[in-house]
Amino acid sequence: MLKILWTYILFLLFISASARAEKPWYFDAIGLTETTMSLTDKNTPVVVSVVDSGVAFIGGLSDSEFAKFSFTQDGSPFPVKKSEALYIHGTAMASLIASRYGIYGVYPHALISSRRVIPDGVQDSWIRAIESIMSNVFLAPGEEKIINISGGQKGVASASVWTELLSRMGRNNDRLIVAAVGNDGADIRKLSAQQRIWPAAYHPVSSVNKKQDPVIRVAALAQYRKGETPVLHGGGITGSRFGNNWVDIAAPGQNITFLRPDAKTGTGSGTSEATAIVSGVLAAMTSCNPRATATELKRTLLESADKYPSLVDKVTEGRVLNAEKAISMFCKKNYIPVRQGRMSEEL
């Protein structure tokens, strides 16, 4: 039997009691403007799967529920208060993707499918959650095409299972996993296999699997302004992991305000937040063509990224998320709305 390994929680929390209505700093940094968002199709159903600690559909997420599932021993899809960090995490990530007010989500027209895998996940809960998405034949185009994993499973115990799963997902070419690389400031190239975090640890060797790689590995940037040269977020437990050929893209990951399950707000830093922001951009892109292949979406996201020589050793090609370019490039080439009914269910 394979052993469940404890998750890495990839952010630091600073709790705030008041809701914040202003646009977050990173909207300007990555070019997320009203003009950019006008290119998307808000009427096309887009569902992002948040594989995490459960989502509380409150506040700006009140109208964002698509479905909720549990892959935990208690069978509950709701956040539990065993750990403050775990209690908050899933809701926080969902809000960065899709919150409609209070906290501004990157793509507020997206719906969220919550798949709780921690705490107290069943055997290989992360893998089971992804398998359940891949095997769901009732999902329409654009539904759970983007899978946000701002955490993961550490170690080698399930590495072969992960590798088979992700290879199969790549061959299917219809879903993307957006995965956080981790937060201890380590050079991933120097880590042992035991220290790496799945699914970000997936590192295909063959040319076919590389071409079909369904994982987008995300590092976190320190706060910066548009026009400035960004640097990786560092220091403490939230310093971003890095490594050319092990990180696909970097995105804002410091001083990110999110929604908590108690309807208050918090501020966090780390690759968790950066990952959710990338997932939100991909959701916006998907609205323009929900039938697009995973390869098409990933290629556009990476090709449209800004490239900084100062980051080349830490992020492949020095890529930094540019939402304006990614959405514009994809949506001007693709505009095939698919209007489907909304499905909602709970396990």
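Note: Cβ is positioned from N, Cα and C throughout, glycine not excepted.
Remember, it's a predicted structure, so these values are computed and weren't measured experimentally.
Annotation source Swiss-Prot lists active site, charge relay system at D52 (among others), citing sequence analysis. DSSP assigns D52 (active site, charge relay system) to a strand in the three-state reduction.
The active site, charge relay system annotation in Swiss-Prot covers H89 (among others) and is backed by sequence analysis.
As annotated by Swiss-Prot, active site, charge relay system applies to S272 (among others).
C288 (disulfide bond) falls within a helical segment according to DSSP. For C288-C331, the entry in Swiss-Prot reads disulfide bond, with the evidence type experimental evidence.
The domain 'Peptidase S8' annotation in Swiss-Prot covers 24-327.
According to Swiss-Prot, the feature region 'A2 domain' maps to 322-347.
The motif 'Prevents secretion from ER' annotation in Swiss-Prot covers 344-347 and is backed by sequence analysis. Confidence for the motif 'Prevents secretion from ER' (344-347), expressed as mean pLDDT, is 32.
What Swiss-Prot records for 1-21 is signal peptide, and it gives sequence analysis as the kind of evidence.
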Problem set entry | Whole-number Å value for how far D52 (active site, charge relay system) lies from H89 (active site, charge relay system) (Cα to Cα) | 7
Problem set entry | Separation of alpha carbons, C331 (disulfide bond) and S272 (active site, charge relay system) (Å) | 26
Seminar exercise, completed: The rounded CA-CA distance in Å from C331 (disulfide bond) to D52 (active site, charge relay system) is 29
Seminar exercise, completed: Cβ atoms other than its own within 10 Å of the Cβ of D52 (active site, charge relay system), all chains, total 29
